[in-house]
Structures are given as C-alpha cells and as structure tokens.
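Okay, so here's the structure we're looking at.
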Amino acid sequence: MAATATFGLRYIPSNSWLHKFRTRTSIRTRSFTTLASLSPVEDTEDIQLNVIPKEVPGSNNNNDKSNKSYFPKRGQTLELVCESLAFKGKGVCKVADTGFVLMCDRALPGERFIGRVTRKKDNYAEAKKLKTITPHTDYVEALCEYASHCGGCKTQNLLYEAQLKAKEQQVRDLVVHVGKFSDQEPEFAGAMKPIVPCDIQFHYRNKMEFSFGPKGWVPTEQLQEKSTEGCVYALGLHAPGFFDKVLNVNKCLLQSDPANEVLAIVQECWRDPELGLSPWNVHSHAGFLKHLMLRTGSNVETGLPELMVNFITSSDNPEYLKPLVEKIATIPEVVSIVNNVNTSIGNTSVGEKEYTLYGKSTITEILRGLTFQISANSFFQTNTRQAEILYKLIEDCAFLKGDGSEIVLDLFCGTGTIGLTLAKRVKHVYGFEVVAQAVADARQNATLNCINNATFIEGDLNKIDSTFASSLPKPDIIITDPNRPGMHIKLIKFLLKLKATRIVYVSCNPATCARDLNYLCYGVPEQNIEGHYRLSSLQPVDMFPHTPHIECVCLLELR
C-alpha cells in the first residue's frame, strides 16, 4: 500500500541560508497573514519570498557598488545556484557572494547555471535558465521528450525520492513561516507526518486536456534544428506562461495508453484539408476545434479501462466530426465520444450544448467501493489510485465512531465523493458546493450507490451570512476541501463559532492551507477572532509525481 511504502531517501541539505533570512524578518507579524486572508493568495512564491530581507546582512546602504551587485537589473546575466524548490516548482536561487534571491523555472536543487534576470520585484527577481554549468544533485534522464518544454512535468528529471523530499520541506516551511507553528515544539513535531508517495509515477492521470492552435510553438533552442514550416496547426499543451502558444504533443506519459492511442489517431488525421477542420485562434476568435479532452474510467463489471473522448468546438456543427469519430471508435476502450459546444471567445471546456456522437454520455469510475458516473464536465479526482489513499487518510482523520450517530458537514463537496465514501458510517452528510452541475452529479451519485443519508446543497461558501446552515443539525465533524485560494474569512468565523469537535482540512495549496490553519488555531486578534483548535496531524500527499502540486490532509481538534 502506497501509504506505507518506504524509500531509501538520500539526504538533501536543508536550506539553512534561507531559514536564516526568514527568521530575521517580520514574517511572524500578524499583518501579513491578515492581508493574505482578505486577498486570497494565488501565488505562493510571493508568500515565501516576502520573508527575504531587502538588504545583504552587514552591507552598507550608502555603498552604491554593493547595492548595484545585490539588486541585479533586468536583462543582466548571472551565475546562480539553486538551493531548493518553491511551491509551484520554481527553483529558489541565490547570487554568489551576495545571497540575493531569484526564482528560476526548471532550476533544480544543487544545479549551478547561467541565468538571465527577466523581472524584478520588491525583494527578489525572476530569472530564465540559459546554460547549466553543473547539473543538479539528483539528476535522472527524463522519459518524456517534451519534459524540457511542456509546463506539466517540470521535475521529471529530478529523482523521485528527491521530489518527495522537496515537497515535504515546502509544506513544513509554509506551515512554520506562514502558519506560525513552531518547529521547535514537540506538539508540531508530532503533527507533521512524512509525505505519502505515489506508487505509480506515470500514466496516473485519468483526465487530460489538449488545445488546438493555428501554429505549433517551437522552443527557441530548437528553432535551428526544426523547420517551422511543418508547425502549421497544432494540437497539444500550452507553452508555460502562454495562453496562445501550443506545443505539439503526440504522446503524454501521464495519461493512459488508450488515451494516447486516441491522441495519435487525432494527430494523424485532423489536419487533412478534405475534412475542413480548422483550429481555434485565440486572437482572431475564428476556427472550429478548441480542445480535445480525454477521460479514463473503469468498467464496473470487468474493471477494464473505458475512455471518453470530448471535442470542444466553437460552433454547433457536430457532423463535421464524423470522420474523426469513425476512426476513434475503432479503439475498444472508447465507449463515449461527445461534443461540447462553447461559442464564447473564452478558453473554457464547458459547453453550452452537448452531443453524444458515439456510445454513452458518461463513463464510470470506482472509488472506495462506490461507483461514480462521470460526465464530460464532471469534477473527479484526477489520480484515482492515489485518491483511494487520500480518502482513506481523510476517513482516518475523521475518527468515526461507526455507530451511525454522527453528522458530517462536507464543505466544497464537488460531486460528493468524500462525503459519500463516509455516508454509510454516519447518520447524515450535508454537502455544500457552488457549481450547480457538481451538485446535480453528487445527488445522482448518491442515488446510484443507494445512499439516502446525504443531502447536497448549492451555495457559495465565500458569500455566507449569519443564517448559513442554521436549519441544519450541528455537525460533529467538518470536512473542508477548498480550492487554491483557501477559505474566506467569513467561513473561518463560522467554523470558529460552530466549534465542531473535529475539522478535516483537505488542501491543494499548502500556502493558503497554512494561513487558514493559523486562523483556526490562533485566531485573528486584529478582528477580535479567537482560535479554538489545535493541529493534531498534517499529512502531505503526493498526488501528482513530476509536478509541483501537493495535497495535504490536516486534522484540527477542538481545544
């Protein structure tokens, strides 16, 4: 079982230089995290780097020469050393002899390289890696040919054990410096758990979305090797940082083999002039094909993979897709081909209309003994096997009595997957979710699994008032699984007033998670909010190997 897998992790030196910088700053002042709560944090790097001082220790502000070397200018070329990875996968680097911090994409721990400053901020800068002088400490050969340029697997050429170590350290640093939990206290040492690894590092994603574009993007360093003449029309993934540049991808090692078969067939024939299919142009707002979404599920009876293919188009002409449908339908695993029509100029994949072009309109997936119907626009955990581990950890944190006496309040419940997996052991589950389709899916999933003690309610948890949940019985356990911005201060106030025995906080963003844990445990004195919880357990989980994403399961118990 992945939760108990052990690894011979190599020791990676701690970031002592960064820790010294952090502890000298005013990060522990309440004003910073109060600001973070009122303006939900989207960029974790800003949180981490606000702790870097604006002066070199011991330097003289009147020394123009020292200041000039310490604050590099945009366009300046420097020799840099990557010390660690920040959340979102960027390397934390420092200028030799000065300690000034720069963030560099695709720089990995231990790597010495030449970088060019691309952007200056108040107390740090961003850089682009130009040339590696000394490779990073735990270098491995990336299996994917696109790994150096695609925005997905930024750390594929970093040994997996080193990836885990870096992610675990990121969570620890954020909880200490943003959440203000002391790593010197035995209570915190007991709460912080080792990261749970993912036992499958490739082919673990059950959903991938590829974009169509009028011209393929070629990395600068490959312009001399590849002719751009063959790059007209593209189907693939967006180049990092660009909404209008698409890198042609013929195979993705994160998705299933049947999904890659579909991608190969579409790549082979969609450019045929006789088909008359044109890619969407985000600038001119012309073209037919916007996205290709591939979803993999499991047949309930056989357990074998079943695949949904979803074409997102700009206009209501499903007949144009017939030649592609006929070719794709020859793959045995394909049981559903649909067309979502989105006429807006935006880049979303959710359609205003949906046509079923082949097979059925949904696929199924099995999670912790329950069957879930997944439509083209349903939310579902992207790594099904690791979701089994995640949900078991959530259940363990809930400490259910098992006598069917407890009330569970499931906040940000999505399609109800977490609450439904607990429902048979509790009295009732009440789930809240803002997305109407997700609520409808949750209700359908409850019916499909013959669960009658789960109620799902549509509502925006960022806009609650004093009457929120007033008609519901007081919950014994609260599960909250917010999106990246974390919880609104209104919801935090509600939870502190409610005083449920346990809160299980599931997070996909350790920065906002750390901030919210701080509020729930220590309160917000400036707003006369008193904290009532203690952090009993914090468990990082690696849901997405080779990417910077980290999931956390936290148990808070009422003091």
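Keep in mind that glycine also has a Cβ here, set from the backbone N, Cα and C atoms.
TrEMBL entries are annotated by machine, without manual review.
As written in TrEMBL, here are the features:
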ACT_SITE  C508  active site, nucleophile
BINDING   Q381, F412, E433, D481  S-adenosyl-L-methionine binding site
DOMAIN    71-131  domain 'TRAM'
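Between the listed binding-site residues, namely E433, D481, the fewest other CB atoms within 10 angstroms of a CB are found at D481.
Apart from Q381, F412, E433, D481, the residues listed for S-adenosyl-L-methionine, the same chain places the Cβ atoms of F379, D410, C413, G414, T415, T417, I418, P482, V506 within 8 Å of the centroid of those Cβ atoms. Averaged over the domain 'TRAM' (71-131), the predicted model has a pLDDT of 86.
For the S-adenosyl-L-methionine site, whose annotated binding residues are Q381, F412, E433, D481, the maximal Cα to Cα separation is 16 Å. For C508 (active site, nucleophile), the same-chain residues that are 6 or more apart in sequence and have a Cβ closer than 8 Å to its Cβ are N483, R484, H549, I550, E551.
Sorting the domain 'TRAM' (71-131) by DSSP state (H, G, I as helix; E, B as strand; all else coil) yields 0 helix, 34 strand, 27 coil.
Using a 10 Å radius centred on the Cβ of Q381 (S-adenosyl-L-methionine binding site) and all shown protein chains, the other Cβ atoms total 22.
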